[in-house]
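**Q** For reference, TrEMBL lists these features for the protein:
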- 7-32: transmembrane segment (TRANSMEM)
- 42-86: domain 'NADH-Ubiquinone oxidoreductase (complex I) chain 5 N-terminal' (DOMAIN)
- 52-72: transmembrane segment (TRANSMEM)
- 104-368: domain 'NADH:quinone oxidoreductase/Mrp antiporter transmembrane' (DOMAIN)
- 108-126: transmembrane segment (TRANSMEM)
- 147-167: transmembrane segment (TRANSMEM)
- 173-197: transmembrane segment (TRANSMEM)
- 209-230: transmembrane segment (TRANSMEM)
- 236-258: transmembrane segment (TRANSMEM)
- 265-284: transmembrane segment (TRANSMEM)
- 332-354: transmembrane segment (TRANSMEM)
- 387-558: domain 'NADH dehydrogenase subunit 5 C-terminal' (DOMAIN)
- 419-437: transmembrane segment (TRANSMEM)
- 449-469: transmembrane segment (TRANSMEM)
- 546-567: transmembrane segment (TRANSMEM)
Amino acid sequence: MQSKGNLGLLMLILTGYLFIFTGSSFGSAYLLEVPVWESNCLSFSFSFLLDNVSMIFVGTVLVISGSVATYCKWYMAEELYYSRFMGLVWLFVLSMVFMILVPNLVMLLIGWDGLGLTSFLLVAYYQNNKSLSAAMLTALTNRIGDVLVLISISIFLSEGGWLIYSYHPVQMWLNLGFMVVFAGMTKSAQMPFCAWLPAAMAAPTPVSSLVHSSTLVTAGVYLVLRSFYIISSNPYVTQVLMILSLFTLVLAGSSAVFAFDLKKVIALSTLSQLSLMMFSISILLPSVAFFHLVTHAVFKALLFLGAGGVIHSNQSIQDIRGLSSLWQGLPVSMGAMSVAIVSLSGAPFMSGFFSKDLMIELSMMDSSVTYGCYLLELLGLIFTSFYSARIVFSVMLGSNYVNNSTLRINEHLNMQTPFLSLYIGAIILGVVLGSKMESFGFVVVLESYESLSVFFIPFAGLILWRGVISKLGSSPWSSAKSLSFFLSMWFMESLTSHPGKVTFFKGSSTVAQSLDQGWLELLGPQGVHAGLGQFSCLNEIVQKNYFTYQLVVWGLLVAGGVSLIIFM
């Protein structure tokens with residue numbers, strides 16, 4: 001039975017790669033519409049859009065979901081409710097596939113809200129206070145995006161339909177671009193909605209691999225790039241998107257440099273790469289953003305699965321200060337993480353290099369990118385190589401000087417198979433898509449110093465690693481201040497998520513005191529209780545002194561009668 005399940009998942013992975021390679025040479029686009037309701041000039045239909053973008057991204061989701069499902073057979077083997085967990089995972093994947101294929105803004109809400117609902121259930125899966133808090137933060141932030149999508153639907157009423165993917169609007173509404181962009185920013189955790197992304201690490205590691213590679217956080221980027229014609233018609237929208245994405249890139253990179261939780265470091269690296277994709281869309285390069293979206297999904301899933309193997313094999317330790325020299329005990333996992341980190345850094349000839357290098361070079365050629373934006377972009381990319389070097393030196397090569405066992409840990413076949421499937425994609429996917437997709441073919445003309453700066457970005461973090469760490473270590477006070485600033489994501493968590501929670505709780509306390517414990521209680525149950533209590537006390541007093549009153553009354557009556565008899 002287990003072999004049949006593994007064979008089915010292997011077929012799913014192969015089908016995903018078949019979709020990717022077929023989509024890369026797919027030149028047509030097919031729109032399937034099933035009319036549901038029509039009224040005068042307004043119609044509503046159930047639509048499916050099949051083109052090269054949707055085929056490649058669906059294939060990517062299938063490859064990663066098949067790999068993660070195989071990995072779950074090992075990682076969640078001791079889980080009591082394994083079937084329930086996998087049911088939620090497949091519902092999560094189905095929601096993402098539905099969102100990719102449906103271009104109708106109304107029907108897209110099924111996949112969009114399905115991602116929000118299932119992500120809440122998966123983040124809260126471990127059923128503790130931390131998981132529930134993270135799940136509520138994730139769900140409430142995503143509800144903002146849901147409201148913006150509903151507003152976009154109401155604006156689209158004037159168009160006579162709700163098709164939004166690759167759609168040229170007839171009547172341009174200035175606010176529509178802002179609605180779509182900010183809806184995508186809530187799902188992709190761009191500033192100021194970035195607090196929920198690290199919190200979502202409370203989910204099981206296989207879920208984190210899905211969330212941060214090809215499903216929940218990429219849904220926002222996918223919506224924005226497929227709605228490119230609506231966004232590009234308003235220059236103010238692209239400028240706002242450029243500024244916020246660059247600040248998010250620097251924020252995520254600088255916070256990842258100082259973070260100690262291994263999963264949080266990888267989550268922040270996801271945030272920085274998502275902001276890089278948003279920046280690419282803002283400079284009118286949606287095809288390059290999609291190229292990086294696909295390559296990033298594969299090597300980030302590989303990196304998360306490798307980190308999951310590290311955590312699961314070391315008594316659930318996630319603090320990188322407690323991990324050291326793991327290449328001796330987990331050679332396969334460390335090999336997978338090495339490939340993913342090298343690709344993440346943009347080292348030459350890896351998948352990440354082809355998309356990231358193209359993105360940087362084209363941004364250098366773009367006249368709309370100012371020197372300030374260019375410096376922020378380079379700073380964020382240097383941070384990427386910096387925290388990548390930190391993971392290599394701390395976790396793999398053992399600069400933490402932690403006494404770990406050097407005995408090799410048994411790495412199960414269900415753990416190694418996903419590594420192999422994603423390992424192939426992390427190496428060859430970039431060159432295959434870059435050579436076969438016409439939309440990825442650009443002529444790049446740069447000065448020699450610009451080309452050298454691009455080439456040295458992956459190695460800049462390696463050079464700066466030792467010097468910065470030693471300087472921070474020599475000044476504990478400044479190091480503590482820096483840590484408090486960067487670990488809180490520039491106090492973004494306090495500024496965005498905490499005020500909302502504090503306001504909500506203070507408002508609920510005021511309502512409770514003024515209504516539930518105030519005049520409603522006096523007029524309602526508490527008032528009735530107090531009135532009945534006073535009445536019962538009076539009744540008790542009357543009943544307790546009943547015989548005394550009777551004796552006094554009878555005594556008075558008898559005395560009055562005797563006195564009347566005597567004196568009459």
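Each residue, glycine too, has its Cβ placed from N, Cα and C.
Predicted automatically and left uncurated, TrEMBL annotations should be read as such.
Since we're looking at a predicted model, the values are computed, not measured.
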**Q** So, do the transmembrane segment (419-437) and the transmembrane segment (209-230) meet, by the test of 3 or more Cβ pairs under 8 Å (sequence gap 6 or more)?
**A** no
**Q** Tell me, roughly as an integer, the mean pLDDT over the domain 'NADH-Ubiquinone oxidoreductase (complex I) chain 5 N-terminal' (42-86).
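**A** Overall, the domain 'NADH-Ubiquinone oxidoreductase (complex I) chain 5 N-terminal' (42-86) comes to a mean pLDDT of 84.
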**Q** In the domain 'NADH-Ubiquinone oxidoreductase (complex I) chain 5 N-terminal' (42-86), how many residues does DSSP call helix, how many strand, and how many coil?
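**A** Secondary-structure breakdown of the domain 'NADH-Ubiquinone oxidoreductase (complex I) chain 5 N-terminal' (42-86): 29 helix, 9 strand, 7 coil.
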**Q** Other than its close neighbours in sequence, what residues sit by the transmembrane segment (52-72), given a CB gap under 8 Å and a spacing of at least six beyond its ends?
**A** 6, 9-10, 12-13, 15-24, 26-27, 29, 82, 85-86, 89-90, 93, 96-97, 100-101, 206, 209-210, 213-215, 222, 226, 290, 293-294, 297-298, 301, 305, 308, 414-415, 417-418, 421-422, 425, 433, 437, 439
